[in-house]
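Undergrad: My questions will all concern the structure given below.
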Amino acid sequence: MIPAARLSAAIEILADIETRRRPAADAVKDWGLAHRFAGSKDRAAIAGLVYDALRRKASSAWIMGEDTPRAVLLGSLRQVQGLPLDAVEALFSGEGHAPALLSDAEKQRYRDGTLDDAPASVAGDFPQWLEPAFQRVFGALAAAEGEALAARAPLDLRVNLLKGDRAKAIKALAHLKPEPTPYSPFGLRLPLLPDGRAAPLVAEAAYVKGLVEVQDEGSQLAALLAHAKPGEQVLDLCAGGGGKTLALAALMNNKGQIYASDNDGRRLAPIHERLKRADVRNVQVRAPRGRVAKLDDLEGRCDLVFVDAPCTGTGTWRRNPDAKWRIRPGALEERIKQQNETLATAARYVKPGGRIVYATCSVLAEENEDRITDFLKENAGFQARPAGDMAREAGLPMLADFASTLGPGLRLTPRTSGTDGFYVVELTRE
Ligand SMILES: C[S@@+](CC[C@H](N)C(=O)[O-])C[C@H]1O[C@@H](n2cnc3c(N)ncnc32)[C@H](O)[C@@H]1O
């Protein structure tokens, strides 16, 4: 396919997402199935165009003065790819499968449109209804934080210390140009390919043999901040697919016991294969029978209960730009309820002198500081540990810079730490 035809395809897919209100991944996949002549490179490039346009949807529409799929794509060509007007005019030629010629108004907006008077939610590309929540957390930096959440994310890897060290992984993946991540001592960052795609990893021996796992540095830091020690009894209450379970197991050097649980058994399904590949031997998977996992024997016995709570995922919008336009206020309410539930459950399993580490991949105070403040009001035996102490204990004193100003815990964001957005807090039991 010629580059201009890829643009037409991206416009078509964006229209499908908009009119049928369907997930971007489904629309992209269906387009591929219906256009089998398109090769894998074409499909990847088209998906890249669609995701870039979704990342900058609100600001692109503002710049172009309309919110049609064509306008949103045009805006993103300017904002994400920085294409000059004459290059865009050459692509929008109206010939063959190329998009129709640019109108004079489009040319003028493409050249001169600005975000100077745009509200934070438009300049920062997040839903308007979240404007008060973003202002509360980020104040005057709301737009800048949103913009960083709208950027392309690099591909981060966690080196599995049970299988080797960072130097070994760097050597094995040298052709993909890995760099050590700034904070996580076992993180590697792979640059994106020129078209914005992540380097293909699944066929790499280092991945197949479990030396590296895909995990954003923020996620690695959440596990590190839990500072689980070899020999401890750890309950990973919301273990899901086991991303953090694997990191905790490596930090514990396979010594002690991790109980990996989740109230949705289907989510735990990938964990067995992942544990095997990573050579993890200190994890017991406790799948629920019915809606509740059987954990009675752990009551009051755990050194650490790790709560990787269900959340809106606002911190992962770089990887999932579609999600930010789909999230509704009702979903936030629902997550808050679940977060209260998981914290109350966690409290039952901590032993005296033990701790809960609560984490979310959301930047919103409603899912973070507010939940902890409410929890502490109702659970007099628990105290929040100062963020600086938690960071030092984990061997990451520099993370104290990210201490929250709205309550206990610390917050990572793409703008401040270059990671996905995460919140982490430690609660100690007397
Ligand atoms: C953020 S995800 C976990 C991701 C996982 N820890 C990882 O690192 O790959 C949150 C998980 O919490 C689970 N969950 C929701 N409510 C729960 C509850 N009341 N008890 C236990 N797990 C719950 C969800 O099924 C979901 O798998």
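Every residue, even glycine, has its Cβ placed from backbone N, Cα and C.
Please treat TrEMBL annotations as automatic predictions, because they have not gone through curation.
Sharing the record's features from TrEMBL:
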ACT_SITE  Cys361  active site, nucleophile
BINDING   Asp262, Asp308  S-adenosyl-L-methionine binding site
DOMAIN    145-430  domain 'SAM-dependent MTase RsmB/NOP-type'
Undergrad: Near Asp308 (S-adenosyl-L-methionine binding site), which residues of its chain come within a Cβ-Cβ distance under 8 Å, counting only those 6 or more away in sequence?
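TA: Looking at Cβ-Cβ distances below 8 Å from Asp308 (S-adenosyl-L-methionine binding site), excluding near sequence neighbours, one finds Ala222, Asp236, Leu237, Cys238, Ala239, Gly240, Lys244, Ala359, Thr360.
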Undergrad: Tell me the coarse DSSP state (helix, strand, coil) of Asp308 (S-adenosyl-L-methionine binding site).
TA: strand
Undergrad: For the C-alpha pair, I'd like the distance in angstrom between Asp262 (S-adenosyl-L-methionine binding site) and Cys361 (active site, nucleophile), rounded off.
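TA: The separation of the Cα atoms works out to 17 Å.
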Undergrad: Hey, does DSSP put Asp262 (S-adenosyl-L-methionine binding site) in a helix, a strand, or just coil?
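TA: SS state of Asp262 (S-adenosyl-L-methionine binding site) = coil.
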Undergrad: List the residues of the same chain that sit at least 6 positions away from the residue listed as 'active site, nucleophile' in sequence and have their Cβ under 8 Å from its Cβ, in sequence order, or write 'none'.
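TA: Spatial neighbours, sequence-distant, of the residue listed as 'active site, nucleophile': Gly218, Ser219, Cys311, Gly313, Thr314, Gly315, Thr316, Asp420, Gly421, Phe422.
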Undergrad: Would you count the other CB atoms within 10 A of the CB of Asp262 (S-adenosyl-L-methionine binding site), including those on all shown protein chains?
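TA: Cβ-Cβ neighbours of Asp262 (S-adenosyl-L-methionine binding site) within 10 Å number 25.
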Undergrad: Report the mean pLDDT of the predicted model across the domain 'SAM-dependent MTase RsmB/NOP-type' (145-430), rounded to a whole number.
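TA: Taking every residue of the domain 'SAM-dependent MTase RsmB/NOP-type' (145-430) together, the mean pLDDT is 96.
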